[in-house]
């Protein structure tokens, strides 16, 4: 980055006026002269050369006020040949216009520089003073909070400087006041209202010298959000929220959601909270007592948002109107073996599948219900 002339302080203005007067004398006489007199530590400096004649055969730059061989920094023979000298540090080169480029510039680069230009049968010399300045301390920035909740929290950032020409960057993009962002009249404070998950970084920048910019550190924001949705994926796949699986088979379920930060998972089976907190559940060998409805609940403790999704596991051909009734209370008709216990009369239902197609009850024309006898009961009655 090319550096321009200094400003503000009295001694810099005096120095600038002296340089301009010297340049005017050089211009009047048609001689080459050095125009660049200011550099910034750590940046690129161009010790600019002006009034250069045509058909230059060689540019030679020297450290100090004379062009002795021991002081040579670098020489350049157009179009491309460059020869380093004893004072070469590896940071210097000569551009097409014959100016000396130094990058990065150091404080000890301050001093006189002499250039010798050979063009045809003529050799011209010029000497100029380069002053290298150091920028102030690093630009400071502070925020009132860095851990936030989307659409709920706001953040205020302060640029710690006395300069009022401040540029604010959000996600490395220059920003200005808007419906969601406000910059104070002095430019030193940026407020982001209702932060978004896409607000990732904040930074401020000032122009310390013309075309010389200082940036603060980049502040990272942690914005919690979600869950936006929750899905319950299963293997075997579910159909309309129902997973069909055989007894003894494997069933896998996974709770999927889009959220940030760490989530908490809860599983509920037939209304009972399970002691299980992972996103994935694996039923390696499905049992009857594992049939029924499962609910995966996802909780973001930071945003305090909760979402859930249900799925039902059932056996093939299971009748949804039958399965919830695991016990039947019946009026007893007919001579069917039974016994009484503390709960009253209880039938020995011989079907191993409570939702089997085999009828357990018979209904006569009057509406009375009787138990369908087992085959062994029929044999026993026939032998009497």
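Using the three backbone atoms N, Cα and C, a Cβ is placed for every residue, glycine included.
Under the heading compositional bias 'Polar residues', Swiss-Prot lists 359-369.
Residues annotated as compositional bias 'Basic and acidic residues' in Swiss-Prot: 373-384.
Of all the Cβ atoms in the protein chains shown, 25 others lie within 10 Å of the Cβ of residue 296 (disulfide bond). DSSP assigns residue 296 (disulfide bond) to a strand in the three-state reduction. Look at Swiss-Prot and you will find 255-296 tagged as disulfide bond.
What Swiss-Prot records for 227-314 is domain 'Ig-like C2-type'. Per-residue pLDDT, averaged over the domain 'Ig-like C2-type' (227-314), rounds to 96.
If you look up Swiss-Prot, you'll see 108 (among others) marked as N-linked glycosylation site. Contacts of residue 108 (N-linked glycosylation site) defined by a Cβ separation under 8 A and a same-chain sequence distance of 6+ are given as 132, in order along the sequence. Under the three-state DSSP scheme, residue 108 (N-linked glycosylation site) falls in the helix class.
There are 15 other Cβ atoms within 10 Å of the Cβ belonging to residue 112 (N-linked glycosylation site). Swiss-Prot lists 112 (among others) with the feature N-linked glycosylation site.
Here Swiss-Prot flags 121 (among others) as N-linked glycosylation site. If you take the C-beta of residue 121 (N-linked glycosylation site) and look for same-chain residues 6 or more apart in sequence within under 8 angstroms, you find none. The secondary structure of residue 121 (N-linked glycosylation site), as reduced to three states from DSSP, is coil rather than helix or strand.
Annotation note: residue 162 (N-linked glycosylation site) sits in a coil segment as assigned by DSSP. Packing around residue 162 (N-linked glycosylation site) is summarised by its Cβ count: 8 other Cβ atoms lie within 10 angstroms of its Cβ, all protein chains included. Among the features that Swiss-Prot reports, N-linked glycosylation site is placed at 162 (among others).
Among the features that Swiss-Prot reports, N-linked glycosylation site is placed at 270 (among others). A coil conformation is recorded for residue 270 (N-linked glycosylation site) in the three-state DSSP classification, outside any helix or strand. Sequence-distant contacts of residue 270 (N-linked glycosylation site), defined as residues of its own chain at least six apart whose C-beta falls under 8 angstroms from its C-beta, comprise 292, 293.
Taken from Swiss-Prot, the feature region 'Disordered' applies to 358-384.
Here Swiss-Prot flags 1-30 as signal peptide.
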Minimum Cα separation from residue 112 (N-linked glycosylation site), reported as the residue among recorded positions 162, 255, 296 that achieves it: 162
Nearest-integer angstrom distance between the alpha carbons (Cα) of residue 255 (disulfide bond) and residue 162 (N-linked glycosylation site): 53
